[in-house]
């Protein structure tokens with residue numbers, strides 16, 4: 001069998017090999033086993049789908065028709081696996097339930113069909129191709145894959161947006177938890193979906209096959225991105241976002257940027273609203289302020305709402321509500337306001353030159369230079385170096 005090693009053939013082969021290798025690493029990764037295995041399965045399914053493209057452009061089908069109907073088509077799993085990866089990544093309490101199997105009903109039927117065809121003699125497969133697959137099941141598979149991908153992409157995007165709104169109310173350090181790379185990945189899948197739709201229109205209404213098909217190449221790019229960022233995120237810190245149980249998010253005001261109370265961190269001490277909203281328990285607010293101002297919990301670089309709740313003995317939902325309704329801030333803004341104020345206090349001391357600016361930031365509760373620069377400028381409007389120079 002002769003394989004023309006054109007640039008496209010080489011790239012497809014390399015991407016498939018990289019995908020299967022990365023999927024194997026993710027499958028055996030000791031941390032985050034559930035999301036990593038969903039991602040490994042997604043990479044495997046996309047890699048096998050791209051293998052069909054490799055067989056086509058390398059003319060393997062033309063040289064040996066027995067390769068037709070190889071059991072490598074699991075495209076109905078793309079959408080569900082992507083969704084369950086996102087769902088399990090942002091909630092490490094996620095557990096597989098038998099009721100989830102219906103999401104994978106189409107791909108199980110797809111696998112059963114190709115598995116059965118593979119066991120049939122060549123004459124049967126040839127008849128099936130001409131009489132059933134080309135006029136019916138091939139179209140159903142191609143259009144159905146697009147529909148499934150768009151549906152689960154929408155669900156994944158919605159879930160990620162909910163998570164990113166929830167994050168500031170529960171974590172004081174979010175730089176490694178925001179999953180901005182996942183937004184990019186979902187956007188890339190959206191581009192693939194648009195290209196797939198174009199191919200559906202060309203095939204169904206104009207009878208044009210493969211002439212403007214770039215979904216295979218785009219899927220290859222997505223697969224490469226998954227391999228790179230998936231391995232980097234394989235040991236992501238555990239989070240426990242469960243939108244169905246997150247009642248406070250349904251009635252608490254949400255603020256995505258520093259409010260006037262947060263911006264008051266430019267002063268010597270973080271400002272606190274002098275008269276809390278009527279629905280806020282003043283004693284609860286006082287206990288929260290005591291934990292942060294007197295006990296200085298903000299010096300913990302990874303302080304979470306759950307840790308503050310454990311320290312104060314107050315329910316997390318009550319703390320979250322009190323901070324949102326009483327101070328008009330998120331948990332993240334409140335804690336970082338204290339950290340910024342601590343940095344400015346330290347810079348005003350006579351011995352401020354004893355440590356570098358980064359050293360002061362680390363001792364004030366920040367855990368990285370990037371996070372410190374971003375948060376400080378968010379609260380003060382100027383970069384730390386510029387503030388120090390004034």
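Heads up, residue numbers simply count up from 1 along the chain you see.
Here the Cβ of each residue, glycine as well, is placed from N, Cα and C on the backbone.
The structure displayed is predicted, hence computed values, not measured ones.
As given in TrEMBL:
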TRANSMEM  6-28  transmembrane segment
TRANSMEM  40-61  transmembrane segment
TRANSMEM  67-86  transmembrane segment
TRANSMEM  98-117  transmembrane segment
TRANSMEM  137-160  transmembrane segment
TRANSMEM  181-202  transmembrane segment
TRANSMEM  214-231  transmembrane segment
REGION    252-277  region 'Disordered'
COMPBIAS  255-274  compositional bias 'Low complexity'
DOMAIN    282-390  domain 'HTH araC/xylS-type'
Would you mind listing the long-range same-chain contacts of the transmembrane segment (67-86), meaning Cβ under 8 Å and 6+ residues beyond its ends?
35, 38-39, 41-42, 45-46, 48-49, 51-52, 55, 60-61, 100, 103-104, 106-107, 109-111, 114-115, 117-118, 125, 128-129, 141, 144-145, 148-153, 155-156, 159-160, 182, 189
Closest-packing stretch to the transmembrane segment (6-28), where packing means Cβ pairs under 8 Å, from 40-61, 98-117, 137-160, 181-202, 214-231:
40-61
Apart from its near flanks, which chain residues at least 6 from the ends of the transmembrane segment (40-61) lie with a Cβ under 8 angstroms of it?
1-4, 6, 8-9, 12-13, 15-16, 19-20, 22-24, 26-27, 67-68, 70, 72-75, 77-78, 81-82, 85, 107, 210, 216, 219-220, 222-223, 226-227, 230
So how many of the residues in the domain 'HTH araC/xylS-type' (282-390) end up helix, strand or coil by DSSP?
81 helix, 1 strand, 27 coil
